[in-house]
Amino acid sequence: MEESNPAPTSCTSKGKHSKVSDLISHFEGGSVLSSYIDLQKDSTMNLNIPQTLGQPGLTSSPPRKFLPQHSPQKQENDPDQTQGQHGCLANGVVAAQNQMECEDEKETTLSPEMAIQTAAASPDTHVLNGERNETITDSASSIANSHDENASDSSCRTPGTDLGLPSKEGEPGMDAELQERENGVNTMGLDTLDQHHEVKETNEQKLHKIATELLLTERAYVSRLDLLDQVFYCKLLEEANRGSFPAEMVNKIFSNISSINAFHSKFLLPELEKRMQEWETTPRIGDILQKLAPFLKMYGEYVKGFDNAVELVKTMTERVPQFKSVTEEIQKQKICGSLTLQHHMLEPIQRIPRYEMLLKDYLKKLSPDSPDWNDAKKSLEIISTAASHSNSAIRKMENLKKLLEIYEMLGEEEDIVNPSNELIKEGQILKLAARNTSAQERYLFLFNNMLLYCVPRFSLVGSKFTVRTRVGIDGMKIVETHNEEYPHTFQISGKERTLELQASSEQDKEEWIKALQESIDAFHQRHETFRNAIAKENDIPLEVSTAELGKRAPRWIRDNEVTMCMKCKESFNALTRRRHHCRACGHVVCWKCSDYKAQLEYDGGRLNKVCKDCYQIISGFTDSEEKKRRGILEIESAEVSGNSEVCSFLQYMEKSKPWQKIWCVIPKQDPLVLYMYGAPQDVRAQATIPLLGYVVDDMPKSADLPHSFKLTQSKSVHSFAADNEELKQKWLKIILLAVTGETPDGPSEHLATLNNLPGPKKKSEC
């Protein structure tokens, strides 16, 4: 863009004198704009030109905001004229267009006329506190026209350079940038003063707002009291006088609600109404509250009987149809807001803490020197005492509301709505099934005196859960179990039932154990029989002791842990010999061994299916038949696995039969015999292999499974396969000793006995 040629000095001087004279003659009458020019004149008297022109950040005092006297009618003038007017910045800052004018005026001081000229050069826009306000007037437009008429030569100026300012077209962003800089400095002092003035006004306004809020909430509260007293109470009393139910029940529910309503509607509310009308002359509320606060003691009677009143409403609604009909009819009305009677009964309980909160806020805004300070402080002390009782009742009511929600979630089948019941924790959890290895979704509700073990109910409407078991806190014990296949597990052992549960995470598990422990400890503290609830895994046996049979729910042995009846040792199958659990000891038995019933104390004395042994212990009947002497196969797997040279699952194949997974054990007490079980908890071995004399082949063929080995003797061939090479070598180490009659501890007694036999019998050796 081409730069404008500098204007001659004579033209510039002539333009200045004509403009100054026009401005003085035009604003001699003292308009709003002239006062603004005077302000600019005072602020620029001591400023020199180099400081003003060279440093845009240094400006005069902030200009005052003024309104135009006339509507902007000449804003759509010739663009060239308007553009020249817009080139001036707010607050009297002038930027030189070219170096010649700056050098001519470097040593001159800014005169009042120059300040007037600067302020009037751009009357259309001013930036004040970050806001741009239009200030174009008819008078201001005439100034521009007069300026143009007095210019003798058009060559003395170019568009946008009336006062030596840079052209807008040349540097379009410079104007806005300079305005932002000077506004940041000029408005600082003004903002500080405004903020101080605003804070002073805000405290007074907030005191008025608090008093207004107290009045408005008091009006709404009185309308709720009228609903309780004049609608619910009167309608139910009318129905009671008809003989539908005793009137005494209605009086117990509403207590002294009529007295409370009379106090607020006839005394407190009228006093507040009158005071707010006189607020300009008497801006205080502490004296009213201090005078009437002692009457709030009448709430003590209402709060004291609140729990029983809510429980009575629930009972009457369930058992008396007329009571239910009247309350439901009122609750349908618009004035109730679709809220229940219990909800409206909570209003007086919540009102006292509301007074306390508003009064505390009022004292924070009130100056200690105020005449209302002492009255407000005394009234707060009285109200705080009453509020402490209300807060306790509110907590109980909130807990009761939660109990009602749970009551509905359970299909209104469990009687849990009782003020003595307190919800401690709830949440989803997984239950490890005894009949299979699956984890089933469950939901727990932990209260201060019981645990509800629930099953989710999949329905669009109605209840969400079904209570499967209610386990009492009394006698409950917790065990933190460790299961590699199922992490984050723990066991709840109660008189009614034992549950093995799996949490979603270790943190969730710890939270449940902590909540259960605290509930158990608190329960025993209330009954003065404190004892630790969390015990180590070894502190609680997996099986119920003989003394506790029928008194404590057992832990059920999982179906996949056994393959045969734990009493008669017969193998299970899906058709003729299915699995059953003894409800007394938790063992898995067949139908023959569970064909007994006994009364179990933990199940309320009801008859339950039990095994033969438990039946004899619980009922006291003894079997005269002597127990059979156990054979070699009748050694329990758990008995030998705990004291063995080696034990693990192995794949096993005999002759042309398919591979099957079995539990193999070489016990320390019989190290030359390999016991094979269907599962680790089986009480009887499926087969045994005396290892002495067998040939070991640890080089499997290509058709065999990896990590396999064979035991061969005559026509008997037993094939085994381990899960990995390490486990295979562990087995081979023990078996290679056993086939030669040796043990890890030394020569076997079996081999010594064999060597002492007569000659002919030594043919059995390999």
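Every residue, even glycine, has its Cβ placed from backbone N, Cα and C.
For C614 (Zn(2+) 2 binding site), the same-chain residues that are 6 or more apart in sequence and have a Cβ closer than 8 Å to its Cβ are L549, G550, C582, A584, C585, Y596, A598. According to Swiss-Prot, the feature Zn(2+) 2 binding site maps to C582, C585, C611, C614.
According to Swiss-Prot, the domain 'DH' annotation covers 206-393, on the basis of sequence analysis.
When the domain 'PH 1' (422-521) is classified with DSSP, helix, strand and coil residues number 16 helix, 47 strand, 37 coil. If you look up Swiss-Prot, you'll see 422-521 marked as domain 'PH 1'.
For the domain 'PH 2' (643-740), the model's average pLDDT works out to 86. The domain 'PH 2' annotation in Swiss-Prot covers 643-740 and is backed by sequence analysis.
Annotated phosphoserine per Swiss-Prot: S702 (among others), in sequence order.
Within 10 Å of the C-beta of S716 (phosphoserine) we count 11 further C-beta atoms, all protein chains included. Taken from Swiss-Prot, the feature phosphoserine covers S716 (among others).
Per Swiss-Prot, the feature region 'Actin filament-binding' maps to 1-150; the stated evidence is similarity to another entry.
A gap of 39 Å separates the Cα atoms of S716 (phosphoserine) and C611 (Zn(2+) 2 binding site). For the domain 'PH 2' (643-740), DSSP puts the residue distribution at 14 helix, 43 strand, 41 coil. Each of the binding-site residues C582, C585, C611 was scored by the other Cβ atoms within 10 Å of its Cβ; the lowest score goes to C585.
Within 8 A of the CB centroid of the Zn(2+) 2 site residues C582, C585, C611, C614, the other residues of that chain are L549, R583, A584, G586, H587, V589, S594, V610, K612, D613, Y615.
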